[in-house]
Amino acid sequence: MPPLWIVQNRLFSRLCCGLKSPISTQTKLCLTMARPSSNMADFRKCFAKAKHIVVISGAGISAESGVPTFRGAGGYWRKWKAQDLATPQAFARNPSQVWEFYHYRREVVQSKEPNAGHLAIAECQARLHGQGRQVVVITQNIDELHRKAGTKNLLEIHGSLFKTRCTSCGVVAENYKSPICPALSGKGAPDPKTQDAGIPVEQLPRCEEPGCGGLLRPHVVWFGENLDPAILEEVDKELALCDLCLVVGTSSVVYPAAMFAPQVSARGVPVAEFNMETTPATNRFRFHFQGPCGTTLPEALAPHETETVS
Ligand SMILES: [Zn+2]
């Protein structure tokens, strides 16, 4: 499994070409070249029949809760984008600066709430569970807003802002402290004119395991790092089992998550994309619903008339 990276649009088609399909090349071509439908009634028919739904979510759904993404136009923290600071090299070079960036993000996210899109997914999951149907959420987001909304069956493939990992002993721990350490109190302002705090490494977050005291890092997957193989194995299992897939608020450019839905689509399973704009993958999917997830998802996932109400 290659590490986390951003796929250029031109490369995306080439990557998708490697996907195996159980159907003939001609049929596959028709499927992949057709324009996706935005007919909600047709989507609702697929939804009513589905027993095992996978939701793949990305930064767009968090953005609707006011979480900054640090990608795209204007997406800077000081002078940097996420891909400049979310790397092992940046942390090795300047752990204080990387911790300032993550401290800022933790503080911002703690003040945010799940939106109608997060809540629609969580509500749908609980409701369908009562009908013996499964909804699994695979998220690239590290803000835990799905968790906060009450989503249970959740695979956080890029880790969490609220977990740390010790660089010495490797222990992963939940951490919701605000601030995470005294030295970061009041630091991390995103303004480009802000001076680097230059916090000595011994005052950055440290491991609390007895006898360790090693430097902690955020337990998130950085660019150039591999995703947890155990989580990826679960993801593969879910992608192979699902009979409906929703792609929510992801621009389908961060690899390997960008390949999950095309992989499902290639086996002929309906995939529905809910996004503010079209993405490099849109034409590979059966449905595309443009607009805020907070508007489109509650309608898409509302109780279907065929559902037995318990
Ligand atoms: Zn440790």
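Just so you know, glycine gets a Cβ as well, placed from its N, Cα and C.
Computed from a predicted structure; not experimentally measured.
H158 (active site, proton acceptor) is surrounded by 21 other CB atoms, counting those within 10 A of its CB over all protein chains shown. Positions annotated as active site, proton acceptor by TrEMBL: H158.
Look at Q140 (NAD(+) binding site): DSSP puts it in coil. Summarising the annotation, TrEMBL assigns NAD(+) binding site to 58-77, 140-143, 249-251, 275-277, C293.
On its own chain, R105 (substrate binding site) has P68, D143, L161 as residues at least 6 apart in sequence with a Cβ closer than 8 Å to its own Cβ. The substrate binding site annotation in TrEMBL covers Y102, R105.
For C166, C169, C207, C212, the entry in TrEMBL reads Zn(2+) binding site. C207 (Zn(2+) binding site): 20 other CB atoms within 10 A of its CB, across all protein chains.
In the predicted model, residues of the domain 'Deacetylase sirtuin-type' (33-307) average a pLDDT of 95. Residues or ranges marked as domain 'Deacetylase sirtuin-type' by TrEMBL: 33-307.
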Residue among the binding-site residues G58, G66 whose Cβ has the most other Cβ atoms within 10 Å: G58
Looking only at the recorded positions Y102, Q140, H158, G249, M276, C207 (Zn(2+) binding site) has its closest CA neighbour at Y102
Between S62 (NAD(+) binding site) and H158 (active site, proton acceptor), how far is it from one CA atom to the other, in Å? 14
With the fewest other Cβ atoms within 10 Å, the residue among the binding-site residues S62, Q140 is Q140
Length of the line joining the Cα atoms of G249 (NAD(+) binding site) and Y102 (substrate binding site), in Å: 22
Going through the binding-site residues G58, C169, C212 in sequence order, which have a CB under 6 Å from an atom of ligand 1? C169, C212
